[in-house]
């Protein structure tokens, strides 16, 4: 990583309080050497949870695994304070992982607003996982909030089941001074469209004394709203399931203890601090009778020097000779500014980023002159087949490896 100490992000951001950030050009030093399309592929790190869900016969147990997968998909964001590169219109990324049993294709399908579409499938025809994300960024003075608008869909083919959800809001604190830290908050509602079961998970904001930092909890309920089980944990670490009665009893007791502590200390709620609260020393208290659904894989020992990447993220730019001869020229691995940054050439990365942005603007001007519309290559706009929301759906044929007439974006 490069040191960001010599750069004042405030000098750029002070003009944008309350504004949408997608139109602001940020210096490359604040980036990490990955495109947002590659960042999306990190949803797939814990694919084994989808495969496990497929193997289960009980729909409530399947929902537990799907919920664990949905939580695990945001776990790689922990401490990832570098900003991914904004994809260029028409940029693509593919990832084939035989060892994990999936292949994925993504494409930047719109520039204003920026929308990235992805489509992954199980190599043994067990699942399809797809979505389109429009990350709405807002700057609030001390923090940047990213609201990932868009539907995520998982289809378990053997069970003829589809699940949909949206991701929680992600917030990066201490943009101006102090150590950057990340929290996710909001409600994630996962719906099984075949059975009507729902899982409602609450990603908690950190609260005044950090007691709730990174916590996730909620219930799986059937279509008559009967609670089938409770889920709890931290999106940075693990997720457990337990029967609802044990969970409610634990919560009640926990609340009583907290209130007693409060009275004994007579805490004065000082003005809300923006410093990162220290999470409780015991990370997640395991309620007796709980079952572990997911635990995060440890990051490599040099992760902190490497943009806090996971082992999965570290290989996303790898290109070998065999791959180079088959991937399309729009693949992010071939993108010169990201390559330069990964190779430690920060000035070159900065020049290339500027050049690519200018090239993109010029191409847009030419299109508007000739009144020609941009055509996406691998995805088309349409309603999500399960919840009717506006979505981008995979058009097929990417893996036929016929890449004639691709746009020249780099």
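Placement of Cβ uses the backbone N, Cα and C atoms for every residue, glycine included.
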- Pick from 254-281, 282-309, 310-337: which range does TrEMBL record as region 'Disordered'? 254-281
- Task: Scan 339-373, 374-408 against TrEMBL and say which stretch is down as coiled coil.
- Result: 339-373
- Query: Can you tell me the mean pLDDT for the coiled coil (339-373)?
  - Reply: 93
